[in-house]
Amino acid sequence: MEPIEDLDVLAEDEVRQREADGEVDEDLDRVKHGYDATAGDKQVYIETYGCQMNVNDSGIVASVLEESGYGLTRDQAAADVVLLNTCAIRENAERKIRARLSMLRSEKEKRDGELMLGVLGCMAERLREKLLEQEDLVDVVVGPDAYRDLPQLLYEADATGQAAVNVELSKQETYEDIQPVRYDSNGVSAYVSIMRGCDNMCTFCVVPFTRGREESRPVTTILSEVARLAEEGYKEVTLLGQNVNSYHYTDADGTSVSFAELVDRVSRVSPEMRVRYSTSHPKDCTDDLLKVHRDRPNVCNYIHLPVQHGNTEVLDRMRRTYTREEYLALTERAKELCPGVSLSTDLIAGFCGETEAQHEDTLSLMEEVRYDHAYMFKYSERPQTYAARKYEDDVPEDTKQRRLEEIIELQNQHAKESNEAEVGRVHTVLVEGPSKKSDAQFFGRTDTNKGVVFDREDYEKGDYVRVRIEDCTSSTLLGTAIEKTTLEAAARTDSITTSPAVA
């Protein structure tokens, strides 16, 4: 997934720049959930690492525990149970979680065994034996498909003093009947899980081994959740799945719903609610889906299309199922059907066997597409994957690092030029909350997923505001508010075509 928009995340220098600008999102590499403390015999504190799906899963965990009488707290010191919802997508993520467990070990010792620790999610599924053998401080180890059993597992671990484990993957579990606790206190944007698992088996990716096979959630439960969020005042939903655009559900009466049809139906729940999704696979990005972007004004004009690499031979080794030429044709089709569309991607430097010429192909593809955003990484070998079993991780670390830095440098240049081109244009911005630099300013996003800062004046969180872009940094647009609007009104009046800048 997008490195949570899939975060998972950004290249380190882009994070530093966005932090310097004061507009970097909450670092989803580690999210301390801001649950309000609730009554309960035992208090639970949850930390989440990784992608948007993990964030949503933590909301499911919170809901399950509340139903069983647990309280939720934002104060770790007040917690009887600390749960780490983990990510296994890269080695660095696992190192961070191990370091966090080491810190918690000393705290557990200080509390003389009164603190229970749990490891949830992808790392729990992948490393269950090592967690139990090497991290003997862990009381529960629970995989992504076993969260309904968490209250019972906590009870068993507490009663017996022995670690309780359930990491079984399920072909049916979608948690369709559970409403996640919305830890995001802004009340503006919410995640809605529509499917789980992945069937693609890319050679570098551990997700199919930690999340299991694809299982789509019933359409009716998705639409009900979105409708409930609209009633609660949310203005944006992001549909989530490991491979979200492979969504396909068949009702008991035989009626089949594709992802394009689902997005269209979600967009009709409330014309004043923006719709996004993450993360998609290029092979499943159809004309029907692109036409929904074009025809439905509240479906954001932003598509995440992870290419991973710019060379066809490397893409074949990655088992991505498309060629460089096919991918480029898709991006051209997206730009043709959806004028002004913003494209983002994932890029891996130094995959097994990558030559200098193949690396140059990635750079040249970037020049052709000119992404607005990118999530960029060095290749990190993951156990269990086909690449770990069959390919040699033969690109030296210093070469990987140098190639990654070249990718980052080029992407930063493209992002800067893209933002500079926005000066003088008017965008509809959804206000997410105060700017991190100043309470006198608001921060929000365009439907092309660009961050915008402007003086807050009399506007409120959750408003749609027409903003003229006056200036920019490499990561943020700076604007002047024109007026409050609605999505329906903006569809008639807003434009992303260049207009004269205010003198």
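One-based numbering along the chain as shown.
Note: Cβ is positioned from N, Cα and C throughout, glycine not excepted.
Since this is a predicted model, take the numbers as computed values, not measurements.
Classification of C87 ([4Fe-4S] cluster 1 binding site) by DSSP places it in coil, neither helical nor stranded. The [4Fe-4S] cluster 1 binding site annotation in Swiss-Prot covers C51, C87, C122.
Annotated [4Fe-4S] cluster 2 binding site per Swiss-Prot: C198, C202, C205, in sequence order. DSSP assigns C198 ([4Fe-4S] cluster 2 binding site) to coil in the three-state reduction, placing it in neither a helix nor a strand. Around C198 ([4Fe-4S] cluster 2 binding site), taking its Cβ as the centre, 22 other Cβ atoms fall within 10 Å, counting all chains.
According to Swiss-Prot, the domain 'MTTase N-terminal' annotation covers 42-159, on the basis of sequence analysis.
Per Swiss-Prot, the feature domain 'Radical SAM core' maps to 184-417.
For 420-483, the entry in Swiss-Prot reads domain 'TRAM', with the evidence type sequence analysis.
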Nonlocal neighbours by CB distance (under 8 Å) for C122 ([4Fe-4S] cluster 1 binding site), same chain, sequence gap 6 or more: G50, N54, T86, C87, A88, I89, P144, V206, V207, T210, R211
Inter-residue Cα distance where the pair is C51 ([4Fe-4S] cluster 1 binding site) and C205 ([4Fe-4S] cluster 2 binding site), in Å: 14
Candidate with sparsest Cβ neighbourhood (10 Å radius) among C87, C202, the listed binding-site residues: C202
Distance, C198 ([4Fe-4S] cluster 2 binding site) to C51 ([4Fe-4S] cluster 1 binding site) (CA atoms, angstrom): 15
Winner by Cβ contact number (other Cβ atoms within 10 Å) across the binding-site residues C51, C205: C51
